[in-house]
Amino acid sequence: MATEALRDVAIILLFTKLFGVITRKYSMTQVLGALLAGIILGPTVFNIFHDHHFIETMGEIGVIIILFVAGMQTDLRELKKCSKAMIFIAVLGVIFPFLGGFAVASFFGLPMLETIFIGIILTTTSVSITVETLMELGKLRTSTGVAIIGAAVLDDILGIIILTFLIGRLDPTTTSFSMELLKIAGFFIFVLIAGVIFRFLFNWFSEREGKKRRIPVFGFVFCLVLAYVASLFSVPDITGAYIAGLIVCNTVESDYIEHKLEVLSYMFFAPMHFAYIGINTVIGPMEGRIILFIAVLSIVAILTKIGGCTLGAKLSGFKGKQSVQIGIGMVCRGEIALIIANRGYNLGLISEKYFVPVIIVIIITTLITPLLLKLAFRGDSEEIPTPTHSSHQAVS
């Protein structure tokens, strides 16, 4: 088993980097290359890997590190400036896709419960793909990048709240909706307290520690703990990791920690995460009606997310091109959408006939987002101007 794991890691790292070089050569992102490598190595083409458990575990740690580094690279001044905008973007980025998914499922004659659930799946946004692409394009620290990440985090929380409400109406034995809201609020109260304590202790230790090499370990441990605590409070673990990064970026050795973990992410964990997404993509023979459903739902999933988030950004004071960039950055569904889809399938909220097509739609949005982001940011300078201000703008 250990020998197979070593072989699998070697194959994944080699092929993700090779495909990354190829996609980069053709003016596409390396993230897309890693995703394609996973699809080709997985069951869809060669089916090289037989035990996915180790790859899955490494991939899950990978997304935690990606979001932790993203948090450390976030400009807190831009985050504060875009806080109101993020709410506009997130809310409209939930409403439009939900209505779109509901409409498509209704058109294809699915039961009411299933149509609602498909709408919920489309509300989420995958942060990891977008973060890695923005890092590669050098846009993560800009107002546009900050707005995308912040709104994506809010999107996922809103999607989970809606799902909790739906499950609570169907199964009275589950935790009540009000209790779930209290748990989410409790997490953010915990974060405020833990953040103050951690920052004080971390700065105190850093000033007295002669060697800096232990410091990234403590930062990473804090990230893992906060991600774990987030999951206990019904908040996505990736949200906990991102917030941990925001807290650590205020410490005295944040640049050193960021550098060490960014190297670790690039060399090992990020390729494992993106390859695992591709490996999980299983595309088999399908009837014409299902293919049409996938095509229509994919188009609607992309356009409603772009439309809703672009409108939210525009109403918040972002310029036209920035608004479109934000809309495109919110297109990708990924880990949270997959988690919600799997949970709904286990609860009988979606039938087996439409479960796999929905998973394929999630993968399609995952594959197309890096390419669309690359096109959206083409011709931009390294720093994108912040939104202009007026009396009616939400960005302040």
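For all residues, glycine too, the Cβ spot is worked out from N, Cα and C.
TrEMBL lists 12-373 with the feature domain 'Cation/H+ exchanger transmembrane'.
For 31-49 (among others), the entry in TrEMBL reads transmembrane segment.
Among the features that TrEMBL reports, transmembrane segment is placed at 55-73 (among others).
According to TrEMBL, the transmembrane segment annotation covers 85-110 (among others).
What TrEMBL records for 116-134 (among others) is transmembrane segment.
Residues or ranges marked as transmembrane segment in TrEMBL: 146-167 (among others).
The annotation transmembrane segment is assigned in TrEMBL to 187-205 (among others).
Among the features that TrEMBL reports, transmembrane segment is placed at 217-243 (among others). For the transmembrane segment (217-243), same-chain residues at least 6 beyond its ends with a Cβ under 8 Å from one of its own Cβ atoms are 63-65, 67-68, 70-71, 127-128, 149, 153, 156-157, 160, 164, 175, 180, 183-184, 186-187, 190-191, 194-195, 198, 202, 205, 251, 253, 257, 261, 335-336.
Annotation comment: TrEMBL describes 263-283 (among others) as transmembrane segment.
Taken from TrEMBL, the feature transmembrane segment covers 290-313 (among others).
Residues or ranges marked as transmembrane segment by TrEMBL: 354-373 (among others).
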**Item:** Segment proximity, the transmembrane segment (263-283) to the transmembrane segment (31-49), 3 or more C-beta pairs under 8 Å
**Value:** yes
**Top Cβ-contact partner of the transmembrane segment (55-73) among 85-110, 116-134, 187-205, 290-313, 354-373 (pairs under 8 Å)** = 116-134
**Request:** Mark yes when the transmembrane segment (85-110) and the transmembrane segment (290-313) have three or more Cβ pairs under 8 Å (sequence separation 6 or more) and no when they do not.
**Result:** yes
